[in-house]
Each structure stands twice: as C-alpha cells, then as structure tokens.
Amino acid sequence: MKLWTSPWVSCLVILILCFGSECGTVRRSKRELVRIREAKATIPGACATRLPRGKRSLPGLERRVPRQRRRSSQAEENSPDRGKAVYFTGRGDQLRLKPGVEIPRGNFTLEMWIKPEGGQRSPTVIAGLYDKCFYASSDRGWLLGIQAVSEHGNRDPRFFFSLKTDRAHKVTSIHSNARYGPNQWAHVAVTYDGVYMKLFVNGAQVGVSREQSGDVFSHLTKKCKVLMIGGNALNHNYRGAVERVGLWRQARGQRQIIRDMQGHEDPQDLPQLVIRETFDHPGRKWLTVKDGNFPQPEEGGGGRLGFLGGVGVVNSEGILDTTLDPPSCGQTVCDNVQVIKNYNNLWNFRRPKKVRYRVINVWDDLRIKPTVSDHQISLQHQQLNDAFSPYNISWELSVHNVTNSSLRNRLILANCDISKVGDDACDPECNHPLTGYDAGDCMSGYRSRCPEHKQGNGVCDPECNWENFFYDLGDCCNPNVTDVTKTCFNRSSPHKAYLDVKEVKEILNLDGSTHLNVFFANSSDEDLVGVATWPWDKEALTHLGGIVLNPSFYGTFGHTDTMVHEIGHSLGLYHVFRGISEIDSCNDACLETEPSMETGDLCADTNPTPKFKGCHDPEPGNETCGGRHFTHTPFNNYMSYADDACTDSFTLNQVARMHCYLDLIYQTWQPASKPPPVPMPPQVVEQHHNSITLEWFPPISGHFYDRDVGSVCDKCTEGRVLLQYASNSSSPRPCAPSGHWSPREAE
C-alpha cells in the first residue's frame, strides 16, 4: 500500500513503531547462546507431571528448524553496485581469480552474502586461498566454508574459517556457534591481522583464535597462490547462492563489517579494497576451471538486501518476508519475542476465548464402575474455569461415556512402552503387579520353579506365569481358564491385563480436532499424575493427542490444579524450572541465568528456579550450576510443582503464550469462529521523497502440519518437510562407522 506524504505520515510511522514497543514488559540484555541444543531422543508428544508435579518431566520432541534471517536495507537497495546473486551448482562452476589481481599476503578481510543449500558435503569450500606449487601440503592458505563439527558423521554443519601460514606447522580452524540455516541468506566475513583470525556471521563475531602469526605467505611465493570461490580443485564444492564478494588488504573491524553488510561504503576504505565482485561481468576478473562454466544468476533474481532494523524482511521486489524467528530454545511463531510482547500489550489479542474439552469416561458393561464419578467431573470443571477465567479463557465441557468392561478392567499405563515389557531389562515405568513386574524382569534374584506337570494343565499357575515358561504355556492368557485382567502378562496377547495410552487412544479413535480430549490412566509409579501433548506436536489435533490424567488426582480436593497444569502444557507453557532443572548441562543454550523470553520457560516474568515442591523459595543446594541461591521464585505458579494449597496464578507472559497458541493451533477447539489476528504491525517496505509503502504481515496461520493421519504428508514436520531414518541401509560409497548417513551417502 503506497501512502503519499502529508503531515500525518510521520504520525503513522510513529504509531507503527509504538505498536511494536516494549512498554510494560520485562527487559533483558541479550547474551550469546553457548550452543544450539541437540534434539533429544524423547517420548514424542509428551510432557509428564508427577505428584506433586515433582519427580520428573518427559519433555516433548525438540524441534530445531532454523528460520529465515532478516536481510533488508534501504541503503543497499539504492546502491548502484549492489550487483546480483549467482548460483553455484557444485558441479564445475567454481571460479579462480585471474593472475593479474594481487592477493593480500598479510592482513586481509573477505566478506560476502551467501545462501547455502542443505545437505552440503563436509567440508564444503565457499572460498579459499591455495598454493598450487607446494603439493606436499594441501592445507596451506585459508578457507571459508561449511564443516560438520559433530563426532557423528555429517551432523551439525557450521561455518568455519581455517588458516595455515607458510611458516606454521599445523592448520587452525574456528567455527560459528550454531549450525547454518539451509536456504537462508547470511553475511559471512573472515579477517586476519597477523595475530588474530576472526569469523563473523551476520555482523556478530562468532569465532576467534591467535594460534597463527605473521604473513600468510611471502612475496617469493605469491605466484603460487590461487584464490577460488564456489569450491576448490579437490571438488569440495559449494551449492548455493553468493552475492557481493569483497576482499580487502586490511583486517577490518566489526563496525566496518556491519556497515558494509548494511550497504554503507566508506570512501576511506576504498584504497584497501582489492575486489568488489558484483557478478555483473564475472569474466573480467575470474576464470572457470577446466571444462567448467560460470555460475548462473540465481533464479528469481535480485538476491538479498540488508537489515531493515525491525522485524520482517523485504526482498528485491519490495515484498515483505514475513518469517518470524523463534528464539533458539523455542518452537514456533508463538515463541517469537516480539509476537508475545504484542499479545502482552494489546488487549484485543486476549479477548475472551471459549474452548471445548471432552472427558472420556470408561464404564463397565453393567454401568456400575465409572473411571471417574459425576461429582469429580463437576468439581474439576468448576475449578478449571475458576483458574482460567481471570485470563479470558473459559472451558466448555462434554462427557463421552464408553461402556466396555474389557477396557474398564484393564490397567492403563501412562508412561510404559508396551514393547519394553519382558525385554530382559527392568523398566521402572513398567514395574507393576499387573504386568507381572515387567514380566519378571524386575524380580531380581527371584527364580520361579514351575513343575513340568503344571505347565499347560488348563490352570493358570502363578509360579509358571513367567515369560521363560511362556506364561504357563498360554493358560494365564486364556479367558476360558482364568480372569485374564489379573493374570495375563504376555505383551503379545490380545487379552493382556494392561494397555498403554496409545493403544487406548487407538481403540477409542476420538477426533482431536474439535475438542481437547482428556483420558485417564494409571502408572506403575503412582506419583505420575499427568501427561500432555505439546501444541507443536503433530498429534495435537489427532486422536493421539490430548492429555492423560491419573483418575485418583482428578476432581479431588487438593489435586484439581493438576489438570490446570497439564492444560498449561497443551497451551504451550513449560515448567517454570525448565531453564534450571530440565537442561542437558551447565553449557546448555537454554540455561536461564536471569528472567528471559529467550531461554528457560521463555517467560521473562518468571524468575529462574530449580524443581521444587515447597510453597517457598528453595533452600540453597548443590544440584544446580554454580550453587546459586534462588529468591522470589514463582512457587505459586500453576506451572510449578507445588501443590494446590500454593498454586494460584499464571503470569502475563504465560497468558500471552496461551492465547497465541489458541490462535495458532487450536482455532477448531473454539465454538466461535473468528479470524486469526495479525501478530505484527505493518512494516515500511519502501520510502521515497514523496511517499512510503507499507505492507502487513499475514494473520497467524493455523496450518502447522498436515495432521490427518493417513494423509499424504501425515509424517511431515512443520513446513511440509519429511524426515526419514533407517535402521538398515547400504551404499557403494564408503561411510563413517558412526551410523549417521549424509544425504550423498544415502542416495
């Protein structure tokens, strides 16, 4: 939308800026995250809570999908030598600098914009300086590229800068602090001043070393040096786009790098500039390799621009890139700091919402023994609305009664994987009398003696009801012989005395797209009181989603906040102690050292706290990093592990997150159909002396996954990406013994 300037244009711009302001929110200083946390092998779609929400939590599946980095600048758009992006295919289109250009042999800086594709080989060379004369050592010179830093094959690829001067005995490599984002523009720069080698990504210094010293090479060997981009002679070639390559004969500072990244050139720097390649006429300074070709202009044209300074990105055609990055510890757009601040500050984002939920109550065939009573249901419903109504969220109850004695009389295990029963290892979550104590695996030191004449005699003999006796040769799982709901421990039998939650959900097959389904299950550990599905899990709106509660702690005085806590998880809330007690190590990127919207529970109004059950600040202990003393902790928060006598509130940031996820994921749970909100203010995408052009972000999209089980992409992650894993595979290509297969090896 184009607006002609008038006295009110400046007021409009001020209004836009105020929309995205931080008024009324807790501020924090940014800190460099130490590392990007690896996705953990966990139970997908589950967050478990234990009595009184205090033993252990089962975190949901971590998603680590890098997002588009913002990259736009008015200054650069108007720059006459911005040039265009070219695309390297990785097949014979690498370029080498013509001999007439003198390459810096001492201090230097190399900068460029790149958009690498995914699945690069390790290492991949984006640009490098080589010695074509000294064949005994192929690592003389320097390289900028992508390299896997994980010990497991080609995982965790990051930008790297390596250097070995002619006088050095070994090469030095430094890496970025996070993996690169496939198909995302990034500005990379490397500098060397004779002492320090540095790596910059998007203007931030991410690596430094002083292991090398002196000139890179002497003037006597300058004719041997070759500068290449897009790969090297060993075919460690790069796939992706490159734009605006700059080479200087000085080690530029961070301020200079950022200014150049934003398209501002300082005339005082020009005498030190060796190359400013815009790829308008690459043949003037570059040669192709033998039988090679010049890289072609990137499809779509235009390449990238630099920073707009706010949120959102503008491409060369003046179109807003509306990708909203979550923090590295977050999952979705509802974890984006600015989005949540807007939900916090703007009341209309938090207008009253009514949400449907359904209690699944299983009865015996005579309808005498329900799982939960009508009184429990009524009390819990009242307490649920009392807890959420102050935050403009109310709940509409429906009860789904199921008459099935077989289901009612079985033990429903909340957190036991049935495949682990009788696997020759004692699994505590499966250790229950009705599983035969994990089919005998947890009966350490006990050796049952079953006389041969009792085996398969038409009677279920307890001493023979073990896996090594084939469960009394089947007698203990024969409904014509015994009460199988008490004796059948064989996990393969259709009459077994127990089921896991997934089996129950499959049997009931209740649509999860219209209601939050509430199931009931017991546990071998009676302290486990609930399990919830995260909103970003693909099961959230299917029959496999919902929450699971222990019926002993549902609708009973002193335990009604358990369901409030689990629904908090379903609406996107983490435990308040996530940043202290649910981290991998003291180097975890999500460690919360101060209240933050980017680490820990992603709420800046809940102070860091360890896992604690009491209704007061925890005593100093040695279970946390650094032995801190925690004060003013949110022990009265519903997402803590304190009991009902203590918990009584959510914070403003938590309320903002819940409303955001109700808009993003759970529109179909709400009877009133409303257009989803636009989470961000409009952005200025173009400005001239007599007009400005504004563009709006789209509304929050409810399409997060293809969630219908059985659809073409029911196994897709966000963005319709299919992740596949194999337990057995083969390839004619040699591979590392780590078991991790690169894309090339899996062809």
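Using N, Cα and C of the backbone, Cβ positions are placed for all residues, glycine too.
Here's what TrEMBL has on this protein:
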- 1-23: signal peptide (SIGNAL)
- 50-85: region 'Disordered' (REGION)
- 106-255: domain 'LamG-like jellyroll fold' (DOMAIN)
- 401-443: domain 'LNR' (DOMAIN)
- 447-477: domain 'LNR' (DOMAIN)
- 727-747: region 'Disordered' (REGION)
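Tertiary neighbourhood of the domain 'LNR' (447-477): same-chain residues 422, 436, 439-440, 484, 487-490, 493, 495-496, selected by CB-CB distance under 8 Å and a gap of 6+ residues from either end. Through the fold, the domain 'LNR' (401-443) approaches residues 43, 46, 48, 58, 360-367, 369-371, 465-468, 485-486, 489-491, 496-501, 503-504, 507-508, 519-525, 528, 531, 548, 550 of its own chain, all at least 6 residues removed from its boundaries and within a Cβ separation under 8 Å. DSSP labels the residues of the domain 'LNR' (401-443) in these numbers: 17 helix, 6 strand, 20 coil. Summed and averaged per residue, pLDDT over the domain 'LamG-like jellyroll fold' (106-255) gives 87. DSSP places the residues of the domain 'LamG-like jellyroll fold' (106-255) in helix, strand and coil in these numbers: 8 helix, 69 strand, 73 coil.
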